[in-house]
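Some features that TrEMBL has for this protein:
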- ASP2, GLU189: Mg(2+) binding site (BINDING)
- ASP2: active site (ACT_SITE)
- 3-7, ARG15, HIS19, 47-49, TRP51, ARG53, ARG170, 176-178: substrate binding site (BINDING)
- ASN50: active site, proton acceptor (ACT_SITE)
Amino acid sequence: MDGNGRWAQQRRRPRMIGHRAGARAVNRSIDFCLERGVGALTLFAFSSENWGRPQDEVDSLMKLFLGALDREVDELHRRGVRVRFIGDRSRFAASIAQRMDKAEQRTAGNTAMTLSIAASYGGRQDIAAAARALAEQVAAGTLLPEQIDEQALGQHVALADMPPPDLFIRTGGDTRISNFLLWQLAYSELWFTDVLWPDVDAAVLQQALDDYAGRERRFGLTSAQIAANAAPSTHS
Ligand code: FPP
């Protein structure tokens, strides 16, 4: 969700005005996904690197985050959204971490959509934590080193219980992944737009879906193989 700061700058307003407009774009995006039947939406709200921003911006973002949690969770629950957080929760103030836990517990049984919010999240940190979990099992004697493979590691990264993302959207003009779901995005389709995050609306998101719909996902196979697998079977 990139471009909040520049959106504010263009209007000669403080960066936080951009973040607040960004929070409204979050609501619009959730509405859009619910309307289109998108099963899972993962938002990169705050990276592990974002802790290094000026302290007043970090503090204000935490306040915004806390306010959004207090305001929106009831409504999300009412609409059947399961809310979860990925990232290093230990770095948040206890008041925020507790509200994250509560929001997760309250919405755990919802099935309309899973909204995952990456907060204090880093893709490398995610993979390192998974490697550490496996190393601990080896040290405890419950796992052999030769049992470590893609599947074993993949069971310990964030969102391991979810299908990998089909589509990655980055706003704000930069064409990088910036340490987002590095493991999980291996075969995701990437879509970039110059639109700044606070300006994202249904039309922009629809453009991303339309572009996605026209792509051929081969997962390392050939076009012919993909076509053969998709064709209806001629055997009864
Ligand atoms: C990146 O834009 C945005 C952030 C670091 C914060 C995102 C937070 C929100 C949208 C608000 C709250 C979110 C939730 C889920 C309640 P930037 O500041 O890097 O923009 P710039 O590149 O233009 O400076």
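Glycine is treated like the rest: Cβ placed from N, Cα and C.
Nobody curates TrEMBL annotations by hand; they come from automatic prediction.
Projection of TrEMBL feature records onto the structure.
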residue	record	Cβ contacts under 8 Å, 6 or more apart
ASP2	Mg(2+) binding site	ARG170, THR171, GLY172, GLY173, ASP174, LEU196, TRP197
GLY3	substrate binding site	GLY18, THR171, GLY172, GLY173, VAL195, LEU196, TRP197, PRO198, ASP199
TRP7	substrate binding site	GLY18, ALA21, GLY22, LEU196, TRP197, PRO198, ASP199
HIS19	substrate binding site	ASN4, GLY5, ALA8, SER60, LEU61, LEU64
SER48	substrate binding site	GLY87, ASP88, SER120, TYR121, GLY122, GLN125, ASN179
ASN50	active site, proton acceptor	VAL58, LEU61, SER120
TRP51	substrate binding site	VAL58, ARG91, SER120
ILE177	substrate binding site	GLY123, PHE168, ARG170, LEU185, LEU190
GLU189	Mg(2+) binding site	ASP166, LEU167, PHE168, TYR212, ARG215, ARG217
### Message
With every protein chain in view, what's the tally of Cβ atoms within 10 Å of the Cβ of ARG170 (substrate binding site), excluding that atom itself?
### Response
20
#### Entry: Collapsed DSSP category at HIS19 (substrate binding site)
helix
### Query
For ARG170 (substrate binding site), what is the secondary structure state per DSSP, taken as helix, strand or coil?
strand
### Task
Determine the binding-site residues, out of ASP2, TRP51, GLU189, lying near ligand 1 in the sense that the CB is under 6 Å from one of its atoms, and give them in sequence order.
ASP2
### Task
Going by DSSP, give the three-state secondary structure for ASP2 (Mg(2+) binding site).
coil
